[in-house]
Amino acid sequence: MAVASMLKDADIKVALEGCKAADSFDHKKFFKACGLSGKSSEDVKKAFTIIDQDMSGFIEEEELTLFLQNFAAGARALTAKETKAFLAIGDADGDGMIGVDEFATMVKA
């Protein structure tokens with residue numbers, strides 16, 4: 001299951017177009033444009049479980065690199081700079097990973 005199944009195709013397309021260039025990813029703009037920030041807490045948690053591909057209960061750096069590909073096949077990978085910035089913003093407790101509550105806070109911010 002892809003995160004895209006919960007969102008409108010047109011919204012995903014706009015969101016991905018907005019961060020098409022390397023080092024242009026902005027999580028707030030992306031979550032708003034794709035419609036995830038307007039979804040229920042339950043849907044945000046479902047999105048988290050999809051992005052957490054190894055089912056560890058956390059989104060690690062490797063999974064963040066492939067973040068956009070959860071929304072559309074063929075989407076670009078995040079750059080190392082984007083991945084590190086995304087992780088730093090989402091990792092409120094400093095453990096090097098993003099938990100479900102941290103992810104939900106980031107999506108709804």
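Including glycine, each Cβ sits where the backbone N, Cα and C put it.
Features reported for this protein in TrEMBL:
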DOMAIN    39-74  domain 'EF-hand'
BINDING   D52, D54, S56, F58, E63  Ca(2+) 1 binding site
BINDING   D91, D93, D95, E102  Ca(2+) 2 binding site
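Separation of the C-alpha atoms of E63 (Ca(2+) 1 binding site) and D95 (Ca(2+) 2 binding site): 15 Å, rounded to the nearest whole number. The local packing around F58 (Ca(2+) 1 binding site), expressed as other Cβ atoms within 10 Å of its Cβ over all shown chains, amounts to 18. Helix first, then strand, then coil: DSSP counts for the domain 'EF-hand' (39-74) stand at 20 helix, 2 strand, 14 coil. Cα spacing between E102 (Ca(2+) 2 binding site) and D54 (Ca(2+) 1 binding site): 18 Å, rounded to the nearest whole number. In the structure as shown, the Cβ atom of D91 (Ca(2+) 2 binding site) sits within 10 Å of 18 other Cβ atoms.
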